[in-house]
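> Right, I'll just put the structure down here and ask away after.
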Amino acid sequence: PKRYLKAFKDLIACVRAMDADVLTVTNATTIKSTEYGDVTGTTADASRLSSVFEQLFFRVKLYENKTADKMKALLADIAADKALVKHDALVVIILSHGAEEGIYGTDGVTVPLKTILEMFNNENCPQLIDKPKMFFTNACRGSKFDHGTRKSLGPSLAAMGTAYGAPMVTTWSDMFVYYSSIEGYVSTRSMFKGSWFGQELATCLAESAHREHLNDLVTILVAKCVSERIGKIDGQFSKQAIETHIRGSVKKVYFNPGLYLEN
């Protein structure tokens, strides 16, 4: 396996033990100035995901109940941290209420995810150039419910971008962005078990991180598990689909504990 990894080192990124952080921002209290109450299930998600990433040898840092400004300030400080140059990767997990405009702080003010992502692009966070930056958000992105539809054949959509090599790096690269729901739709969670997305992400990481790279793990395994769930809201069946974005060129990211490129 090590010979394989060395041969394809330009296409594969292996996260080494103790050289990566997971930052979890969770707003579990009532969001002021909104109709939302406590973000039920968030504590279960945070605990489950923290446990899984710790078993993958990440350092997990938990930040709870932040206003919008404090959330932005916290992430801006982290993005400016010179120590990131020694890291192999960064994972940011945000668990809160949300709307189409962004993610709610505890003060009822939204933070656009675009604002957060820009903090960690290659221009603003050069310490993480060529290193995987993974963002997982579990929050509603609107008020629509997915009640499902009858199965039928449809087009398969795919997008691929290419760029010429250049001595300068692009502003965006190596960024994986995973949403618990499609833009405009709610995100489902259980008061006691946590969210559908959080549960399936933790399970798939625990069961398959040793053999699957990040993007296949989320876009195939997690997406399938979430889409197969059926809930009931206001007497109607409820479904959910995740959304994924890639920003710039990326490598296949493996979390294999103990299997990594030697210096």
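Cβ coordinates come from backbone N, Cα and C, glycine included.
Look at TrEMBL and you will find 23-144 tagged as domain 'Caspase family p20'. What TrEMBL lists as domain 'Caspase family p10' is 173-257.
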> Compute the average pLDDT of the predicted model within the domain 'Caspase family p20' (23-144).
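Here the mean pLDDT over the domain 'Caspase family p20' (23-144) amounts to 85.
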> I'd like the per-state residue tally for the domain 'Caspase family p10' (173-257) from DSSP, helix first, then strand, then coil.
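Taking the domain 'Caspase family p10' (173-257) as a whole: 27 helix, 25 strand, 33 coil.
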> Please list, for the domain 'Caspase family p20' (23-144), how many residues fall into helix, strand and coil according to DSSP.
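Helix (H, G, I), strand (E, B), coil: 41 helix, 31 strand, 50 coil.
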